Amino acid sequence: MNIYNFRTVIEMNCWKTINLSKDYGFHRLFIVSVLTMMITFITIYLPLVVVFPSIHLKEDHFFLLLLFIICIVPCHKLLHAMPLWMYGYRVSLKLKFQSYMPILFLKTNCNVSKASMTLSLLTPFIIVTAVMTAGLMHFPAYLHYFCLGIAFHTGLCVTDFIFLSQLSKAPKACFIEEADESFEILFQKY
């Protein structure tokens, strides 16, 4: 952390601390995420099947769907980091094992502006949904797999959407600092 960021932290006041697991609880977040997955699948798949009844769905390549589900979580995390890297922020990545599962952790080493954090939170949803929609258009026989992929990833994005809704209420010129298990929205008091 450079001296400039250290001074900014000292001169900043905390507007709000957001800890999703404490504020909402793991079980509530999980239920909302699963419901979001189901609603997303239904709202995408059913209209497409009704509009295009002549498409014959194929059931091969199921393992590619499973591979997508396994790989999407680390890709989602990396897509969060990509805009921050492009803006010049330092983001550290750590791979830890929890219950024999590799988990990728991201941590910003400085305060991030509201606009940069908003872009960082939206990037995975926009890119993955666009890629899956393009795949759906080019391979309509695998419509159900792409709809499942979009639904699964939208369920993963629930915490991002909740954080975005909290962030949208914050002052325009605020900064976000990552704490141990939470995010602090800071603003400069004049």
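Going from the start of the chain as shown, residues are counted 1 onward.
Here the Cβ of each residue, glycine as well, is placed from N, Cα and C on the backbone.
Unlike curated records, TrEMBL annotations are generated automatically.
Per TrEMBL, the feature transmembrane segment maps to 29-50 (among others).
The list of residues near the transmembrane segment (62-87) in space but at least 6 beyond its ends in sequence, with Cβ under 8 angstroms from a Cβ of it, reads 93, 102, 104-106, 108, 112, 116, 119-121, 123-124, 127-128, 145, 148-149, 152-153, 156-157. Annotation comment: TrEMBL describes 62-87 (among others) as transmembrane segment.
Annotation comment: TrEMBL describes 117-136 (among others) as transmembrane segment. For the transmembrane segment (117-136), the list of distant contacts is 48, 72, 75-76, 79-84, 142-143, 146-147, 149-150, 153-154, 156-157, 160, 163-164, 167, 176: same-chain residues at least six beyond its ends, Cβ to Cβ under 8 Å.
Proximity of distant same-chain residues to the transmembrane segment (142-163), defined by a Cβ-Cβ separation under 8 Å and at least 6 residues beyond the stretch ends, is recorded for 18, 20, 24, 29, 32-34, 36-38, 40-41, 44-45, 48-49, 52, 55, 57-58, 61-62, 64-65, 68-69, 72-73, 76, 121-122, 124-125, 128-129, 132-133, 135-136, 183. Residues or ranges marked as transmembrane segment by TrEMBL: 142-163 (among others).
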